[in-house]
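Taking it in order: structure first as structure tokens, then the write-up.
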Amino acid sequence: MAPSIKLSTMATSLHRAHGTSALLRRPRLWAPRLSSIHATPTIANLRASFTTSSPRLFAPNGSAKDESKPAVSTVPKTTGRGPSDPLAAIDKTAQEQRKADWAIMKEMSKYLWPKGSWGDKARVLLAIGLLVGGKVLNVQVPFYFREIVDSLNIDFSTTGGSVTAVAGAMILGYGAARVGAVVSQELRNAVFASVAQKAIRKVARNTFEHLLNLDLSFHLSKQTGGLTRAIDRGTKGISFLLTSMVFHIVPTALEISMVCGILTYNFGWQYAALTALTMVSYTAFTILTTAWRTKFRRQANAADNKASTIAVDSLINYEAVKYFNNEAYEVGRYDKALAQYEKNSIKVATSLAFLNSGQNIIFSSALTVMMYMGAHGVATGQLTVGDLVLINQLVFQLSVPLNFLGSVYRELRQSLLDMETLFNLQKVNVTIKEQPNAKPLTLTRGGEIEFKDVTFGYHPESPILRDLSLTIPAGKKVAIVGPSGCGKSTLLRLLFRFYDPQKGAIYIDGQDIRSVTLESLRRAIGVVPQDTPLFNDTVEHNIRYGNLSATPEQVIEAAKAAHIHEKIISWRDGYNTKVGERGLMISGGEKQRLAVSRLILKDPPLLFFDEATSALDTHTEQALMENINAILKGLGQKGEKKTSLFVAHRLRTIYDSDLIIVLKEGRVAEQGTHRELMERNGVYAQLWRAQEMLMTEEGEVSKKGEKEEVGEKKEA
């Protein structure tokens, strides 16, 4: 099973982003470009076109680009409510960042207190109850400690008695309070886990669903590595944000308030004022410093996305890397991105050291002053030693949540940044939408397709189709031919509503496709692309993808109809054979026959074949075309023959079409049957003769080579 060969890294990356139809026009083995047929075709010219010209890539702006030159993206930027690039690192002012943070927290509060979900609300309330109970028990611990110290401040040799009699009850109370606080904390975590995980699932699912619903232009302009990395970090941030909101920020504020109240009541306002001042200073320093550090983390995230994207692209395009000996180049690209990540991560680490040092200085200074005040009270007889211990324990007990709050705030900022990217993805506008009153597509005429005065360009200022009008009769086999960039594959994208035309309309049986539901429209169209997108799963799964409810018997019948069954059962694992990433473990011809099997299983009334036999040898191509023609003659659910469109450069594969439409410069140059077009002696006739001449010469060259090889063997 030879792997299919990809001609460039751009080919595979564009295919991966596209996922539905091939974006590239492979160099034809013997079919010359229609764009070159204006001159009288000669054998010398035809040979030169294949031996000296670079492969040409299909350009969305309607032109053909030389692959030897650096490719420039022609995909329009995503427009809508979200940013043009939701993955980009955008520096914001402090006010803008706070506004964005509050918007995210407001959004997440919906998941914290979900409407209609009384079970989740009960869990949140129970978690809060356990939280308050745990904090109350935690604050009781220093009081037990004070009583133990004061009760033991006696001369046991004089008074007699034992530790159990003097402080036993308080020691048990001390232990019970600590155990109760810990148990409450763990129960709280267990109760709230369900709420957090449900939120993660909902956000991740909504984001994934939104990505699948986004326009083709978005996926052409984004790289999978960066998207998956952003989703991964964002979903992890959700759990931390919800947990920190409920279990860290609110509890710490509650504990600080309780400690300040206790200090004021027992020892005077001075202790409470010093504690409050310390907390305010600590919090302000943490917030300001973390806000300053945010830009370093954002830059590190951008570098991380870049490195992940490069790694994924290089591994997916493994064969292309090997074909051109570019391992060192790819490693260099990856290392360059890692170097940028290293640079920004060092800034993150050094600024973190500054933050930690400042926090410890503030807290330690305040604790030192408070201990001096307590020691002075003991010396003057106003306080007992137990009171000094109580003050120390109460304030020092705040160090744990405060230190944790510092790290929580840092991680909270990180989570908010990650979630900002995630929610920005959800804000990217979907431009291809159903009308509110959209109805299912109904084929009342058998599937007649009409393009009426259609003008479209990926860039509006550079239209590919210009006032294009054509009709594809219902139940007929129609071929679309023309030079690369004339809009052949664009017809499918418009028909499938990946894009809407800037002008004009497209009708199926008289129904404007913009007025029907997307689900019914796309279910009615079956596609066999030039480069078949396959999942890294079994052969059976990839065929069944055309109809997920199909039985194993139906899968086998579809494979037989596509002339791939015998090949599949010859493999060791048969239909359970894994095809590899994008089907790289099987040949291009096998991939295309799997695509035909998938189409047969879907059984749609409208069929689109985009160079569907380009990777097949002549014998297999002929057999498969005969089988496809037999399928086309099959009747649909209502008795109509299937309407089929073939995009082709090999004219021998479509000469028997009921109608052949030749596109040129975004318009219909001519149309008719093969006989009519040959009699007209126009563009189509020139191309046909050019291909026939080339095939004749190639046959002569092949025979000459065989004779020379036989002669050499005889001489030997």
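Every residue gets a Cβ built from N, Cα and C, even glycine.
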Gly482, Pro483, Ser484, Gly485, Cys486, Gly487, Lys488, Ser489, Thr490, Leu491, Leu492, Arg493 bind ATP according to Swiss-Prot; which of Tyr458, Tyr545 goes with them?
Tyr458
Checking Swiss-Prot: are Glu147 and Ala230 on the same side of the membrane?
no
Looking at the stretches 124-145, 169-192, 242-265, 267-287, 354-372, which one shares the most CB pairs under 8 Å with the transmembrane segment (388-409)?
242-265
So which of the binding-site residues is most packed in, judged by how many other Cβ atoms lie within 10 Å of its Cβ, out of Ser357, Gln359, Ser489?
Ser489
Between the Cα atoms of Leu491 (ATP binding site) and Gln359 (glutathione binding site), find the distance and write it as a whole number of Å.
63
CA-CA, which of the binding-site residues Arg293, Lys295, Ser357, Gln359 lies nearest Gly487 (ATP binding site)?
Lys295
Of the binding-site residues Arg293, Lys295, Ser357, which one has its Cα closest to the Cα of Tyr458 (ATP binding site)?
Lys295
Work out how many Å separate Gly485 (ATP binding site) and Lys295 (glutathione binding site) at their Cα atoms, rounded off.
43
